[in-house]
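Scroll down for the structure; my scribbles are underneath it.
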Amino acid sequence: MRGPLGAVIGRYPSSDGVTQMGGIIRHNRKCRDITVLVIFIAFWVAMIVNSSFGFNRGNPLRLTYGLDYKGNVCGDKHAHPGLSELELRYWQNPNQVYQSALKNSRFKLADARSICLSECPIPSEDSLSWVCDYPEGDIHLSMKDWMSRNHDYFEFLTPEMRNSSLQLQGPCYPVIFPSVNVYWSCQFIARASNMSLKHWQQMGGVSINEDIVIDKSIHRSINSRSAVLKRYMADIGKAWPVLIVCGGILPVFLSVVWLMMIRHFVAAMPWITVVLFNVLIVSVTMFYYLKAGWIGNDAISPIVGEHDPYINVFGRELTHIRAVTILMTFIMAVAILTSIAIVRRILLAASVLKVAAKVIGEVQALILFPIIPYSILAIFYMFWISAALHLFSSGQIVQNDCNANCCTYDLIAKRVNCDRCCGYSIRYTPHIGVAILFHLFGCYWATQFFIACSSTVIAGSVASYYWARGDTSPEIPFLSVFSSMKRLMRYSLGSVALGSLIVSFVESIRFLLEAIRRKLKVSTHGHDSWIGKATYQSSQCLLRCVEWTIKSVNRNAYIMIAITGKSFFSASSIATELIMNNILKIGRLNVIGDVILFLGKLCVSLSSALFAFLMLDTHKYRSAHNKTSSPLLPVVVCWALGYIVATLFFAVVEMSIDTIVLSFCQDSEEHQGTAQYAPPLLVETLSDQNEMQRLTQGPQ
């Protein structure tokens, strides 16, 4: 058994016999885990370099809009010609679209001739409409005039150009099929206009395939996994005001309100938290039901703008939101049943929170301190999200090698050109995937690091309060929170970086296992054996248990780092031994306190998700170029940001309880079961025998 720390905690005598103040909190510190700190600094340099690559090579417009026949991104004002008002991709040659939909065809939709338009064309009722290439060469029209003429200059064509157009080789192509704007691509509706088709045939145009298969190729392209992933990422860029309000500002306000209520209404807060949690999780689940179309008529639609209500286009996003709705229903049921089960422990939770309320009342700077790590994290997230959008769109635009007959009329060369007439695609190299994975890992490690730093500072401040017997002067330094920050910055950054790295590493392994499982499932066409499934589920369960254990050990290690200034592993060993020696005394106290705090964090994050739903349900995000493909990812990101912000602020209560408990255990261990340094304001909570009995045994 480890012996008492003796003089290194609390007061200790100096060489001249005079009793000193503050103990280990001010004494005998040196820099720890320097190697990990150097690695962390190198990691930040690599993050900056990695993000610079994304900023240099990426263009977030590629996540939303397609490419035209020149390789330009629709909607790009810097393209040639400028396409700032032309956001919709339209495939001009219907026969190419039909050919790309055939099962055994080697011709792909990416090679079909596409152009950027301001709106999806529909056939004329009394004549034949045309969509012509961008005006250049002998077509002396400005882009503005071309747009005002509905992209049609067929009447200006020479006989040679007209003959080429009737062969579906441009520069003008007939509008035979109606189309609708589906995620900024013009989806063909397989109902050819009889009038337009009649005019086309009378003019001697080549045969046009009218089969219903013509809409399948575009549908498959729009609903491919890569296209859906790009739209989800684009939703984050479009919904940035929602992220700022619901993921940044609102959680701060709610967290501060919760902390203030903890300070003044300790007895009522557990009840308020449990009731509010149930109301919020039911409300968020109902919103998912609305967007899934299972309640009301407000299901998400892939069609942008007004359209014929009889046109029904299915999007993969609807499937995803319905799957999440089912998951939320299950979570809601479990959460309500669990909250009912802990009702008997609510009185115990009030006693636990009373510990933190007393500390917050004395060390009032603790309530405002989380603003500092929050501000740092907010700046980091703005940079990180912007870099992520650029990294996801940093592929290179290259022309395909389709080896197909796709001759088109070249307005500059004034002839039909059959060379290099294939379409363009965005080519992603393997190192871009590695860069994205590194960027994701960097976000998780940085988040864990800043949360750990915040927790350590709070623990150091609370420990100063405890070992000074609760006096605010002269034992506790002025602005003890900033003194704790100074100790962290000077001595313990490496230890905190090591603890956060371990958590991030375990979480990354779990993420990679999931990615490998999905890859294997795709390669085997879903025929997984029961042995493989059992192995995967077991490994996931094991990793979750390891992750939870590490987070719990880390939290206590940060407390001992703040108190003793030791390295991460030494502090973990001390904290673990203290907990094991006092597990019966503090076990229930910690568990019920953590449950109520966890529910409080969920209340804040669910409120963020609920308000995100409300903001995304406004006209701004349901129409025009700001339309989000689905509220799913912005809501989940707001939930995650709300939870992280709540974690930063609730760490004041969480770390106060844990620090007081560990300090009390150490104090009792050093003084034969009697805590000598428990401050007067906490003695009635931690030292009263009846109260301790109720804390450890619970209501009968």
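Backbone N, Cα and C define each Cβ position, glycine as well.
The annotation transmembrane segment is assigned in TrEMBL to 34-55 (among others). Sequence-remote contacts of a segment are chain residues at least 6 beyond its ends whose Cβ falls under 8 Å from one of its Cβ atoms, and for the transmembrane segment (34-55) they are 383-384, 386-388, 390-391, 394, 435, 438-439, 442, 445-446, 449, 493-495, 497-498, 501.
Residues or ranges marked as transmembrane segment in TrEMBL: 239-262 (among others). With a threshold of 8 Å between CB atoms, the same-chain residues lying at least 6 positions outside the transmembrane segment (239-262) that come near it are 268-269, 272, 353, 356-357, 360, 367, 370-371, 374, 378, 385, 600, 603-605, 607-609, 611-612, 615-616, 621, 628, 634, 637-638, 640-642, 645-646, 648-650, 652-653.
Non-local neighbours of the transmembrane segment (268-290) in the same chain are 258, 261-262, 296, 298-299, 321, 324-325, 328-329, 331-332, 335-336, 339, 342-343, 346, 349-350, 353, 596, 599-600, 602-603, 606-607, 609-610, 613; each lies 6+ residues outside the stretch with a CB under 8 Å from one of its CB atoms. Annotation comment: TrEMBL describes 268-290 (among others) as transmembrane segment.
Panel annotation: around the transmembrane segment (323-343), residues 274, 277-278, 281-282, 284-285, 288-289, 291-292, 294, 592, 595, 599, 632 of the same chain, lying at least six beyond its termini, place a Cβ under 8 Å from a Cβ of the stretch. Under the heading transmembrane segment, TrEMBL lists 323-343 (among others).
Annotation source TrEMBL lists transmembrane segment at 363-384 (among others).
Residues or ranges marked as transmembrane segment in TrEMBL: 488-513 (among others).
According to TrEMBL, the feature transmembrane segment maps to 595-616 (among others).
Annotated transmembrane segment per TrEMBL: 632-653 (among others), in sequence order. Long-range contacts of the transmembrane segment (632-653) within the same chain: residues 232-233, 235-236, 239, 242-243, 246-248, 250-252, 254-256, 258-259, 262, 317, 320-321, 324, 353, 356, 360, 366-367, 369-370, 373-374, 377, 381, 447, 450-451, 454-455, 458, 597, 600-602, 604-609, 611-613, 616, each at least 6 residues beyond the stretch ends and with a Cβ under 8 Å from a Cβ of the stretch.
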